Structures are given as structure tokens and as C-alpha cells.
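A.B. asks: Structure incoming, see below.
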Amino acid sequence: MHDIRAIRENPAAFDAALARRGDSALSSQVLELDEARRAKILAAETAQADQNKAAKAIGAAKAKGDEAEFERLRAEVADKKAEVAAMQAEAKELDAKLTDMLARIPNSPAEDVPDGADEDDNVEVKRWGDVPAFDFDPKEHFEIAGVAKAMDFETAAKISGSRFVVLKGAVARIHRALAQFMVDTHVDENGLTEVNSPVLVRDEAMYGTDKLPKFGEDSYQTTNGWWLVPTSEVPLTYSVAGDVIDEAALPIRYTAHTLCFRSEAGSAGKDTSGMLRQHQFEKVEMVSIVHPETSDEEQKRMLGCAEGILEKLGIPYRTVVLCTGDMGFGARRTYDIEAWVPGQNTYREISSVSTTGDFQARRMNARFKPADGGKPEFLHTLNGSGLAVGRCLIAVLENGQQADGSVKLPDALAPYLGGKLTLTAEGQLA
């Protein structure tokens, strides 16, 4: 949510930020509605003052025994009361319209974000690891002999339809091991607090984390109004909604392993084979709630946490900073980490690490109390995948595949797999 005062003070800067995203100028529309709202509030306050003045005069007229004046003033008070109520209702309606308009306007990109139209204009900032050289044509994850029978899309389609998968046996265990490894690393080495959070949330939680009102079609809603979380960013971030947190308690760093649900609206025909794009998937999320002065440094720290998971697993990756035209609605700056996927001979996104600045905090009214006793200020919130578990499974399987259909698994998973680091061509751990 944008600060209306900042738009009033510098509408040109507001429009320039929208232009960098490829959006049309909106300051004139916003300020026109804001001015109408403020004028109606002022008119209501003036009418209220007139009502109060007339109400006080009633007593004096009654004391004087001036019955005619008493009746006139009483009628005036009744008229003013109705006028005030009508004006207040109009002001409330205008305020709701202004809030709705602001809620649909994307965050302003940071100054250092590269300008661009789409993913082709993203800028690579890091590349790690050597892409494996195979003496055979590498297969996609669902084609590898040791995986094929354990990754059951046919049964999933019978149960739920397209874009679902049933994992069985050793592959299901590897998937679980990856999630456990991620959470343990974030807690034991990166200092995050593990949270077991709900995956059903209220409208307010989706709104506060900028998923509503614009992106409701991308998520699933139950018949009684709850939303299935598209990411655990929603419950973790919204946990501080309405709070005023002591500065000394910052930063707050959370991690959670949850199911996530997305309708994938607009993705028809994309990644229809395999596990890359699913309606239901698992993700280990990182959320940081910090002082504004430390948010840029915190984003770098979170990025390092996500990259570190891939490095421990030995998965080659590259990191890109998204251009203005490819950033998410609520992001101020986003880094994508893309893992090497040999079966497609390319890098695929496995994590996004974003700072929203105070964009979400304003929607949630989440603030902190400065140590010097000053007025409460809005927090900064950040979120990042650490990592998408299914996509990490894909990267592990494809990068570790062997010519005989077996898969060599990363050493980092040994504690979670009983020391067995080979998935045989028959689909067993050995």
C-alpha cells in the first residue's frame, strides 16, 4: 500500500515509478479522489460544528422561555444531524474507494532495480557450480528409470486431475528428506525460528500480504471463505499485523515448511509434463520482519541462505535480479535463484527472495516502537523461498542421474536417508 502523503508531496515521482513498471500514470486519479474525500470530511466537520453550536443554543433559548427560538433550533439540530450523517457516509465511501485504488497499485521499484519489460531483461549477478557433463543424453526427472514408477501422475490425475503428482517409495522419502534438510539448515545454521503455521487463512491475511484484491483468481478459496495459502509468506508475515513491536525485538526471522496451493491461472500449456508446475506443492519459506534501515542488508542475507541450500546439495545455479517489468506486484526488489535442470538444458527458478519495504506493513498496520521513544514507524517485510521442495527434488534427480538409470544423491542428505545415497534404477535406496 502506498503512502498517500508521499503521493501528495511528489506525484511526479509516484508516476515515474509506475512508468518504470510499464504502467500508466495514476497520481491525478488518486489525488482527485483524495481531494474529494478530504473535502467531504471537512464539510462533515463543519456541519458537525454547526450542529454543536445550535445544540448549545437550545439550552439558552429554553432558559429564556423563547419557545419559537427553541423549536427553530431543535429543527436545525435535527437537520444538521442528518446532514452530518450523510456527509460522513459519503466520506466513508470515498475513503473506501481510495483505499481500493491504492490497494491495486503495485509497489515502487528500488532505484537500483534494472529497468526492463520482461524476463529477458533480468540481469544475472552470480553463477555457481559447474554444469554436469554427461556422456549420454540426460533425461527429464520423470523419465529417469529409478524415478518413473515412483512419480505417479496417472494416479494423481485419477484422484485430483491435472497438475498433481503422487510420490511413492524412495522418491517420496527423498522429497521429505530435502524439506527436513532445508528447515534444519535454516534453524541450526541460519538462525531462523521454525513455525508450524495454518494453511487456511482469512481475507485479511491475503489482503495484508498483497495477494488480494488483484490476485484472487490465482488462489483457492473454500466455501466458508478461507483461502488455501499460495505460500506460507502469508501466515508468517501476517502474524505481526496490527502489532507495535519493540525495536529491540527486531529482526524477527521465521521459516516454515508447508503445503502451498495455486490455481496457475494463465499458465495453460506451460510445463504440462512433470513436477515443475503443480496446483499443490511444498515449500520451505523464509520471512524476515526488520527495521527499515536494515532491510536491504537483510535481503542479501536471505539470498545467501537460499543459495547456501543449493551449494550444500551441489546443485549448479545462477542468481538474477528481476527487472522492473518482471517483478511481482508487492516487490520493491527481487532476486530469483535458478537451478540447473539438465533434462531441459536450462536454468529454472527455484527461489525468489523479495523485499517489499513498508508496502505490506502499511496494509497490515504493522509497526515498531523506536528505542528512543519516538513515534511508531512501519516495519519492513521480506520473504523468500528456501527452497521450493518439488523443484529442488527435480534438480537433485536430474543433476545426479547416471547412464544406467540410477541417481547419485547429495552427501548432505545422508543423515536423512540412513546413509544411503544411491537411488537405484529399480527405485530403491542403496
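From the backbone N, Cα and C atoms, a Cβ is placed for every residue, glycine too.
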A.B. asks: According to Swiss-Prot, T231, S232, E233, E285 bind L-serine; identify which of S160, S162, S385 is listed for that same site.
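C.D. replies: The record-listed residue among the candidates is S385.
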A.B. asks: Measure from the Cβ of S232 (L-serine binding site) and count the other Cβ atoms within 10 Å, all protein chains considered.
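C.D. replies: Other Cβ atoms within 10 Å of S232 (L-serine binding site): 29.
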A.B. asks: Measuring Cα to Cα, how many angstrom lie between T231 (L-serine binding site) and R262 (ATP binding site)?
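C.D. replies: Cα-Cα distance, T231 (L-serine binding site) to R262 (ATP binding site): 9 Å.
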A.B. asks: Quick check for you: of the binding-site residues S232, E233, E285, which have their Cα within 10 Å of the Cα of I350 (ATP binding site)?
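C.D. replies: Those close enough: none at all.
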A.B. asks: Between C-alpha atoms, which of these binding-site residues comes nearest to E285 (L-serine binding site): R262, S263, E349, S351?
C.D. replies: S351
